[in-house]
Amino acid sequence: MQSSSMSLSLSSPPSTIIPAAVRSDCSSTSISLTPRSLRFCGLKREAIFGLNSSHCSALRSVSSVKQSCSRSNSFKVSALAAAENNGAAKRGFDYDLVIIGAGVGGHGAALHAVEKGLKTAIIEGDVVGGTCVNRGCVPSKALLAVSGRMRELQNEHHMKAFGLQVAGAGYDRQGVADHANNLASKIRSNLTNSMKALGVDILTGVGTVLGPQKVKYGKVGAEESVITAKDIIIATGSIPLVPKGIEVDGKTVITSDHALKLEFVPEWIAIVGSGYIGLEFSDVYTALGSEVTFIEALDQLMPGFDPEIGKLAQRVLINPRKIDYHTGVFASKITPAKDGKPVIIELIDAKTKEPKGTLEVDAALIATGRAPFTEGLGLENINVQTQRGFIPVDERMRVIDANGKLVPHLYCIGDANGKMMLAHAASAQGISVVEQVSGKDLVLNHSSVPAACFTHPEISMVGLTEPQAREKGEKEGFEVSVAKTSFKANTKALAENEGEGLAKLIYRPDNGEILGVHIFGLHAADLIHEASNAIAMGTCIQDIKFAVHAHPTLSEVLDELFKAAKVKVNASSPVGEPVAV
């Protein structure tokens, strides 16, 4: 990719007249713009205009807007038509697209397929919404919302700083559990209704690939139906990973699936694993009065986070709370509580495998990650072999068979392919697949997909950690720099008495490329998207630093972060095009 300055010459008079620039109904209202020249580093023209590069023109803004309005109105019409008869499939097929799995990834793909005019069906053997809505990110956020408020109400010093006096805070366990369950039910209903309204056929049962472009589905023990589709997407998600030697009874030894029901709050709970899941549940349990013990196989807590952010997070999220931890050990055996005896956890050294003692606790939560749910899909019918349970795919989510060849018209998205086990990554992958089967080659840049841990305060990240960036720099021969800014310098954070936080930018000083951004602080999960979108669009630091942020807002943390970066004045090295991972 040639460098850095692809210019949109929009600065010279006469002023450009853009109809309906701000009116969503695409009426004839117009505004006059005399925009300044814009420059984008390493940005494909398609990313700006949504057109092939050979047809791009910076001076076609008027027609682009007209086309956008036309597409918007066309979608409204096509959506209504879809709701009536779900379109018409390509000749010889029952559907244009069949999706196995109605989680967030499958739902996102289905809605986008309808927008593209594809006759679409989605097969679900459990409940619409999958792990995220029913047993993951949605109900956990409801519990974390409670824990956040409990922490604030219990923090007498924090309240006094506002001049507030609050009596002792308490909670109703069943009421908290109902809040999580009701939220999951509401979101599940919303997803179901959105698909029905657009005419997506929701087929109930377990989906199995019979062969190329052919799927059967049906409830266990009932008669099965066979359907054909031009293209098939597997989006079956994942289940909690339970290591060998651990006996889960669903009551005292539990996974995140059970914990989200909050059937009881133990006085002392061990959490096996200190990643996203373990950290979030430690936030919930300690806010509700439990003591927590982490059991981590690696030598430090929070091993997946940038080390500097992890160190600060440990100081704030773990050390002051009723949490202790054992690192460098495995829970080799966990026995549920029974006959009046507590949960017994046997520990061994992670390296030597020598015994390290036992723990006796009231409950144990297994938060060691998730495993792909790919059994029973009929992969043997198309000569596909899983790798550690994951379905192998290329950068376009096309399934690869045992011989290394692409399986025609078959795709896999989300947790089942293991590329990035996040709900929004699954949805983005699904949308990219729909674009491909509709004739446009869209490859998702996974380096631009953000992640977040919804503790109090939150942690968020996108791109590389500092060690990863420095390793990459050594291999490829470029320098890596780091810029930081503190929440203590942010007016809005101080107004909230939430000055504990750090934002960290990892970048290339030779060309301004953003390699990674990590945030720990108030609303970090919301702040990260400016950075992730900059990476996705290939925007340089020397350009984004001129963006204007409202004052006083938390967004100024990112503003100061980008301004703190020192990019060489005569930067000439091009920012590399995003690489699909």
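Glycine too: its Cβ is placed from the backbone N, Cα and C atoms.
Per TrEMBL, the residue from C69, C137 that shares a disulphide bond with C132 is C137. Listed in sequence order, G273, S274, P303, Y325, H326, T327, G328, V329 are the same-chain residues at least 6 apart in sequence whose CB falls under 8 Å from the CB of E296 (NAD(+) binding site).
Per-residue confidence over the domain 'Pyridine nucleotide-disulphide oxidoreductase dimerisation' (449-560) averages 97 (mean pLDDT, predicted model).
With respect to their backbone Cα atoms, T236 (FAD binding site) and C132 (disulfide bond) stand 12 Å from each other.
The recorded positions near A423 (FAD binding site), taking a 10 angstroms Cα-Cα threshold over the set C132, C137, G275, I277, L279, H551, are C132, C137. M421 (FAD binding site) sits 17 Å from L279 (NAD(+) binding site), taking the Cα positions as reference. Within its own chain, I277 (NAD(+) binding site) has S256, A367, G369 as residues 6 or more apart in sequence whose C-beta sits under 8 angstroms from its own. The DSSP breakdown of the domain 'Pyridine nucleotide-disulphide oxidoreductase dimerisation' (449-560) into helical (H, G, I), extended (E, B) and coil residues amounts to 42 helix, 29 strand, 41 coil.
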